[in-house]
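Visitor: Structure provided below as structure tokens; questions to follow.
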């Protein structure tokens, strides 16, 4: 009997002893009858022994005929978990027809891709489609009822579809998700799980965990400076007072990024001009508050500062690592900003906690001390010109402004302070006196000048450097 005339029953028994799909396929290609008989067996074999890897290939390349063949005779034998990865693959590839076909044949629309399928990813089909910005697939999934609140549990990022759309700066995708139920005010939460996930895959929320690390959509858009997306979110009812992310509030995020147009949008929608943002400082393992005006002052954003002051920002409010707005401006050497704040009532002698990065601790200091330590001559001159300035105000690691300037060898600033009446013999601070500060640092000429001035009690020559 020729091989081509083998009975089907005998042919079935032969392939049972073959170990690989490759061997079975080789026999199937021998002639048309073998192919017609063994083709469906190949699909069954792939499902049983290779977790329907052929279906994944078909989904990735949108081979609709192959997908249909998998389901034609084997629909009841394909475990639903085998459909999750092909569904995500089809979604990320932009294959809307393949997505629809898989859903029609039992794929769970909200199931997550298995951990082992792709390291670092636990995405749903919707998350995959949003990441790839496949609008056609997103529309199919949303029309079929995909959950817009589930997040990607991979890599600890926990992005939602809406946040992915924001990060992609995809205005159309943001609007589409919002129109289909995405919560404009929902922070990312590991509590967002679908019912098909295994219990072991759940990540329980820690009630003591700091939720400010999670990003509210509006705060994220403000931080990235996406003006049009901010406009859409506000139009959809985004709250301006939510606290999350790196900067705390949406206003603080916009201010720190220098996004003046977004700041104006937020203020026009009722953002609290004095609300404190929060951020995490790893160096001291603590959270610290900052006001929008402090952020603008620190960065020298004049236009933003004027907007905030016009809306009633408190010019003497403490907040942040640089104390109050005047101190923040002084630290940055922003002379024009210092002048603006003084003209709006900033207290030139106000002291507030200031973080000294060199000492890794906070000190109660004033703006003059900070400017003197940082070496900003123009700011020092402006502050000294203010009526009521206390040139000998005590505070800080170095005790006063004179010792701070001497510790950095800022000769010109030392002269300015002495001319204004700084007490060269004042005791306090790390080095006790300004002369000792200069001596300890090896600034011999400055030390001699200070010692001479202390003995003679006369002003030094006006040679500001």
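These residue numbers are counts, starting from 1, taken along the chain as shown.
Glycine too: its Cβ is placed from the backbone N, Cα and C atoms.
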Visitor: Scan 186-215, 216-245, 246-275 against TrEMBL and say which stretch is down as region 'Disordered'.
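Guide: It is 186-215 that TrEMBL describes as region 'Disordered'.
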Visitor: When you scan the chain for residues with a C-beta under 8 Å from the repeat 'ANK' (157-189), skipping those not six or more beyond its ends, what do you find?
Guide: 126-127, 130-131, 133, 135, 138-139, 142, 148-151, 205, 211, 214-218, 220-221, 224, 226, 228-229, 232-233, 236-239, 242, 244
Visitor: Average the per-residue pLDDT over the repeat 'ANK' (157-189) and send me the rounded value.
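Guide: Mean per-residue confidence for the repeat 'ANK' (157-189): 90 out of 100.
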